[in-house]
Amino acid sequence: MPQIGDTERSCADPSEPRGDDWMKTAPGLASIVWSPGPLGKSLSTSSRLDLVEGDPQLRPAPGAAETKVYRRRWVMLVLFSAVSASNAFMWLQYGIVSNIFTRFYGVDPLAVDWLSMIYLLTYIPLILPVLWLLDRRGVRDVVLVGAAFNCIGAWVKIGSVGPELFAVTFFGQFVCSVATVFVLGIPSYLASVWFGPREVSTACSVGVLGNQLGIAIGFLLPPILVPNVEDMDELAGHIRNMFYITAGVATFLFILVIIVFQERPELPPTQAQARARSLPPEQYSYLASILRLVRNRPFMLLVVTYGLNVGCFYAVGTLLNRMIIIHYPGEEVNAGRIGLTIVIAGMVGSLICGIWLDKTKTYKQTTLVVYFMSLVGMVVYTSTLSLGHLWVVFVTAGSLGFFMTGYLPLGFEFAVELTYPESEGTSSGLLNCSAQVFGIIFTICQGKIIDTYGTLPGNIFLCVFLLIGAGLTGERSNGFGGFVTLLKVQCAKSLTTQRPPSSMPNLFRDTHC
C-alpha cells in the first residue's frame, strides 16, 4: 500500500506529479501529518489509497479493516440534495421576477438584486466557523442546522407580503442564506464518507446536481406562480401562495433530516475511511489544515479560477431577468425558461463530468477543456442575445449552462486531488467562498454596466474574466498538450489490453492514438 505522503494517482499521465514531486507542486503537503476529526473525518477516495479490483499490488494486507458500501447511501445523498435544492430555489425566487418585486415593494432594482446577493455575502464570514463545526460535530449536525435555518427563513417570508414589508422579506432571505453556508460545501464530504472509490465523483456530482435542480425550479416556477398582474392585492396573493409552498417543502425536509439522516455508515466504505476512523482525533489541527491549504499554490490557483467561473454563473443567474426583459419585453416566463434551460443543461454536464472523472481521473485536462468551453459558450450567448430570436437564446444559453454549470463538480473533485489528505469540506468551503466574493463583485459591476451601457458591454465584462480564468487554468494544466498526451496514453493502454504489444504495429497504434 502506498503511504499518505507518497500518494499515487489513478491516471497514467506521465506529466502528473508522483511521489516526491508532490512536495514541489504542493509544498504545504510536504511535511503533513494527517489525522482526522471526530465522527469520521473523511479522506479522499479518488487518490487510490483504496483497493482497486484486479490490481494485485493494491490487495488488502492481512488484518485490513472490513469495508462495506450500504444501499442507504443513496437515501442520504438524495435527502441532502433535496435540502440543497429547496435552499437554492429560494435564492432565485426574487431575482428571476425582479421587475415584479421591484414594483411590488417600491424599491430600486439593486435592492432586489441584494435579495440574491445576500446569499453570496453571508457565506464569506460564516464559512470558517461552519467548517470548524463540520470538523467538530460531523455532517449530520451541519445538515440539520442548515435545514433548520432554511425552514425558519421560509416561514419568516410568509409574514413579508406587503409593499411596506421589504425589510421583513430581506431578513427572511438572510436567514435562508445562512442555511446555504451549511449545505453548499457538503457534496464532496458526503460522497467520501458514504460512497466507494469507483463512484465518489459521481456521488459528488449528484450532490451538486441537487443544488442545480433547486436553481432550475427557481428559474421555472416563480414566473408561473407570480404573474405580472396590475392589481396589487391579487399580486400579493400570488406572492403569498409561493411563500407558503416553499415553507411547506422546507418544513417537510427538515423533519425528514431529523428522522432519516445519519452521520456515517456502521462500516466504512473504503480503506481510506477505515484508516481515518482509527486515528486519534486530538491530533488534528483545524487551523493548521487551513494554513496548509493557503500555502498550497496549485490549490489557491484553483480557488481563483473556480471563483471566476462560478462568480460569472451567479451574475448571469441573478441578472438574467433584466437582460431578457431589455431585449424581449413582457417575456418574464420565457426568462425563467431560459434560466431553466441553462441549469438543466448544466445538470447533464455535471453528471457526465462526474462519470468521466470516476472512469479516467483526468482532473487537470478535463477542467481545462470545460473551462475553455465555458468561455466559448459565454461569447456565443453574448453575441446572440440581441438578435431578436428567442429560440436562439434558448440554444446558446443551454450550451453555456452545459459547460459553466458542469464545471462545479469538477472544481470540487479537483480540489480534493490537489489537497489530499485534507478534509473535503474545508477545500470545498474555500472554493465556494471565492465564488461568493467574485459573484458579488460581478453582479454589482455587471448590473451597473447593463443599466448604463446595455447588455452587450455587461456580458463582455464577464467574458474578459472568463478568459483570464481559462488562461490561468491552462497554465496550471500545461495547456491542451497535456490533454492530448493523456488521450494517447489511455488509448495505448486500451489497445494493449486487447492484444499483445508485440503483435500491434507501431503505425496502427500511433494512427489511432
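Backbone N, Cα and C atoms are what each Cβ position is placed from, and that goes for glycine too.
If you look up TrEMBL, you'll see 73-478 marked as domain 'Major facilitator superfamily (MFS) profile'. Mean pLDDT of the predicted structure over the domain 'Major facilitator superfamily (MFS) profile' (73-478): 86.
The region 'Disordered' feature in TrEMBL is assigned to 1-21.
The feature transmembrane segment is assigned by TrEMBL to 74-94 (among others). Long-range contacts of the transmembrane segment (74-94) within the same chain: residues 101, 112, 115-116, 119, 143, 146-147, 150, 153-154, 157, 173, 176-177, 179-180, 183-184, 186-187, 190-191, 194-195, 203, 206-207, 209-215, 217-219, 221-222, 242, 246, 249-250, 253, 256-257, 260-262, 317-318, 339, each at least 6 residues beyond the stretch ends and with a Cβ under 8 Å from a Cβ of the stretch.
Sequence-remote contacts of a segment are chain residues at least 6 beyond its ends whose Cβ falls under 8 Å from one of its Cβ atoms, and for the transmembrane segment (114-134) they are 91-92, 94-95, 101, 141-142, 145, 169-170, 173-174, 176-178, 180-182, 184-185, 189, 286, 290, 314, 317-318, 423, 425-426, 429-430, 432-433, 435-437, 439-440, 443-444. According to TrEMBL, the feature transmembrane segment maps to 114-134 (among others).
The transmembrane segment annotation in TrEMBL covers 141-158 (among others).
What TrEMBL records for 170-191 (among others) is transmembrane segment.
If you look up TrEMBL, you'll see 203-222 (among others) marked as transmembrane segment. The list of residues near the transmembrane segment (203-222) in space but at least 6 beyond its ends in sequence, with Cβ under 8 angstroms from a Cβ of it, reads 73, 77-78, 80-94, 96-97, 183-184, 186-188, 190-191, 194-195, 242, 317, 320, 336-340, 342-344, 346-347, 350-351, 353-355, 405, 408-409, 412-413.
The transmembrane segment feature in TrEMBL is assigned to 242-261 (among others). Same-chain neighbours of the transmembrane segment (242-261): 75-76, 79-80, 82-83, 86, 89-90, 93, 140, 143-144, 147-148, 150-151, 153-155, 157-158, 160-161, 221-222, 225-226, counting only residues six or more beyond its ends whose CB sits under 8 Å from a CB of the stretch.
Summarising the annotation, TrEMBL assigns transmembrane segment to 299-317 (among others). Remote same-chain partners of the transmembrane segment (299-317), defined as residues 6 or more beyond its termini with a Cβ less than 8 Å from a stretch Cβ, comprise 26, 92, 95, 116, 120, 215, 219, 293, 339, 342, 371, 374, 378, 400, 404-405, 407-408, 411, 414-415, 418-419, 427, 430-432, 434-439, 441-443, 446, 462, 465-466, 468-469, 472-473, 475-476.
The transmembrane segment annotation in TrEMBL covers 337-356 (among others). With a cut-off of 8 Å between Cβ atoms, the residues of this chain six or more beyond the transmembrane segment (337-356) that come close are 92, 96, 201-206, 208-209, 212-213, 215-216, 218-220, 316-317, 320, 324, 362, 366, 370, 393-394, 397-410, 413.
Taken from TrEMBL, the feature transmembrane segment covers 368-384 (among others).
The transmembrane segment annotation in TrEMBL covers 390-410 (among others). Within its own chain, the transmembrane segment (390-410) is flanked in space by residues 187, 201, 204-205, 208, 212, 306, 309-310, 312-313, 316, 324, 328, 331, 334, 337-339, 341-350, 352-354, 357, 363, 366-367, 370-371, 373-374, 376-378, 380-381, 384, which lie at least six positions past its ends and keep a Cβ under 8 Å from the stretch.
According to TrEMBL, the transmembrane segment annotation covers 456-474 (among others). Counting only same-chain residues 6+ beyond the ends of the transmembrane segment (456-474), those with a CB under 8 A from a CB of the stretch are 301, 304-305, 308-309, 311-312, 315-316, 319, 323, 367-368, 371-372, 374-375, 378-379, 381-382, 385-386, 438, 442, 445-447, 449-450, 480.
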Exercise. Any chance the transmembrane segment (170-191) and the transmembrane segment (368-384) are in contact, meaning at least three CB pairs closer than 8 A with a sequence separation of 6+?
Worked result: no
Per the Cβ filter (under 8 Å) with a sequence gap of at least 6 from its ends, the transmembrane segment (141-158) is approached by 80, 83, 86-87, 90, 130, 133-134, 168-169, 171-183, 186, 240, 243-244, 246-247, 249-251, 253-254, 257-258, 261
Lying 6 or more residues past either end of the transmembrane segment (368-384) yet within Cβ distance under 8 Å of it, the residues of that chain are 305, 309, 312, 349, 353, 392-393, 396-397, 399-404, 406-407, 410, 456, 459-460, 462-463, 466-467, 469-470, 473-474, 477, 479-480, 482-483
